[in-house]
Amino acid sequence: MSKYTILDKINTPSDLKLVPEGQLKELASELRTFLVDTLDVSGGHFASSLGATELTVALHYVFNTPYDNIVWDVGHQTYIHKILTGRKDKLITIKKDGGISGFPKRSESEYDTFGVGHSSTSISAALGMAIADRLQGKHSSSIAVIGDGAITGGMAFEALNHAGGIKEDILVILNDNEMSISDNVGGLSAHFSKIISGGFYNSIREKGKEVLKNIPPMFEFVKKIETQTKGMFVPANFFEDLGFYYVGPIDGHNVVELVKTLRILKDHKGPKLLHVITKKGKGYTKAESDPIKFHHVAPSFHSGDAQSKASKPTYSNIFGNWICQKAAKDKRLVGVTPAMKEGSDLIRFSQQYPNRYFDVAIAEQHAVTFAGGLACQGLKPVVAIYSTFLQRAYDQVIHDIALQDLDVLYAVDRAGLVGADGATHDGSFDISFMRCIPNHVIMTPSDENETYHMLELGYEYKGPAMVRYPRGAGIGAEITDNLDIKLGKAKLVKKGSRVAILNFGTLLPLANQLADKYHITVVDMRFVKPLDEQMINQICQNHNIVFTLEESSIAGGAGSAVNEYIFANDLSKNITVRNFGLKDEFLTHGTKDLLLDYSNLSFNKIAEVLEKLLSHKK
């Protein structure tokens, strides 16, 4: 007999609506069990979905999806949503080659109303949908589900301000898992939340306002009393000042109460915000105790046979070690990150130097300009940021840092392909969008040792500098004391004939493999900006074929920089140039090796091109 007696009957929200309300609590339990069993095989984002289980059930139970629009923020919490919207049997393929995405994706399901992966976008998207539907005569509901972390992003506040200002009919659900369901959320507060979300209260409240508006002093007095009374229990004032009708906080794990409240709010017109309190990792004891550790789980995490982590240090570890060692030597060093402490390996730094560590939350724009302010007053800020999130601070990088030539070092993690997380998290574009900015140094280390020493060089450089490095473990290169890296100078790694590979970054082992078979020259270029023009001149004079190699976008990338120099200096007459990098498209999720091969960044794909060119050159 199946242990999923209710869930087995559900494939779509239409099936869910047939479940008696009294069985929803049991359904939530089955969903959690199914999630544990499935991710124990596949791995994936875990704790967030556990925390949003009842909320997800209630949303699809009350609203008419996909006619009504549910927009999820970030997307880590959407595995239960995927289970309930026709992808239950595919969940085991999540983030795998050819499987479903780990995030909402419009091309995957009509229930995924808006593609996401980055933070703080949901309210803006839901507001746009609400207005579009209204203008086209469609009587739908638009709901944004946003977490307490994501709502700290400036874009979320911009959207709240807009929605409240125009009084658009939109529901924002604040999924707050920062606090537990404690006494101040239960008891009087829960009772008060029930009262203020009730239809009778709403009716009396609105009709009373109309009457009292004719008596201005009395209206202001009553309004003040209501605000102060609610303020005793809930953080209503801020959202109501923005024009939202605030309800909550309520228990986000009481599915019956959620259903009741959502039904009431569905009929309440105008901007409204429902504040729900949840516990990340709910229902799985270890995840409740350590939600950060169980944010994402590996296969066999539950059965106890999970694979051990790689013994080699990751590039993030190299950065984490470097910044702690450098901070011990230079009191000017300060670390800045937009909510990436764990991912960027800044935990130890934050513990050793708490007064010099600044986590500015999900606020990439602020992080960069804040770093500029620190630099103006004589400190040396190191901004630890993922490549994909650096995109969000582009104007600040140009206007606030580069234009003023401020002394800021960007430690750009997750540069290149990230594999299972897919296009929303790939670091494909940082070289392209940073290369065109004056006053910038861009470094592409080929291994851990170069990463360490380029961080050192970037720190000592006076002006904006960027070191980009990939996700995951390196090749195991030892960190030495005597690596000689000079600004803008490449390194000749192997000397061959006819063919040269100009490598930018950690694909150097691939270049060396090709060199071993075809006796070709390999250059570790190290710098995209400034380019080693002397090395390029030398290569073009002594070779017939030049390949550039990078794990970043070909369009505007390092290879493009080489092309520009070659053609600007009339060096192309006797040589053939080919650029190898990421194609001009958004890649899907999958294993990194598969994605590299698809991008022609594999031994066989490059060798095929090389052999064709060599045969034509004979």
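Note that Cβ sites are derived from N, Cα and C of the backbone, with glycine treated the same way.
Listed in Swiss-Prot:
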- HIS76, GLY117, HIS118, SER119, GLY149, ALA150, ASN177, TYR284, GLU364: thiamine diphosphate binding site (BINDING)
- ASP148, ASN177: Mg(2+) binding site (BINDING)
Most Cβ neighbours inside 10 Å, all chains, among the binding-site residues HIS76, HIS118: HIS76
Length of the line joining the Cα atoms of ASN177 (thiamine diphosphate binding site) and ASP148 (Mg(2+) binding site), in Å: 7
ASP148 (Mg(2+) binding site) and HIS118 (thiamine diphosphate binding site), Cα-Cα, nearest whole angstrom: 14
Rounded inter-Cα distance in Å - HIS76 (thiamine diphosphate binding site), ASP148 (Mg(2+) binding site): 13
Between GLU364 (thiamine diphosphate binding site) and ASP148 (Mg(2+) binding site), the C-alpha gap once rounded to whole angstrom: 17
Those binding-site residues listed as ASP148, GLU364, and which of them has the most Cβ atoms within 10 Å of its own Cβ: GLU364
Binding-site residues (GLY149, ASN177), the one with most neighbouring Cβ atoms at 10 Å: ASN177
Assigned element (helix, strand, coil) containing HIS76 (thiamine diphosphate binding site), judged by DSSP: coil
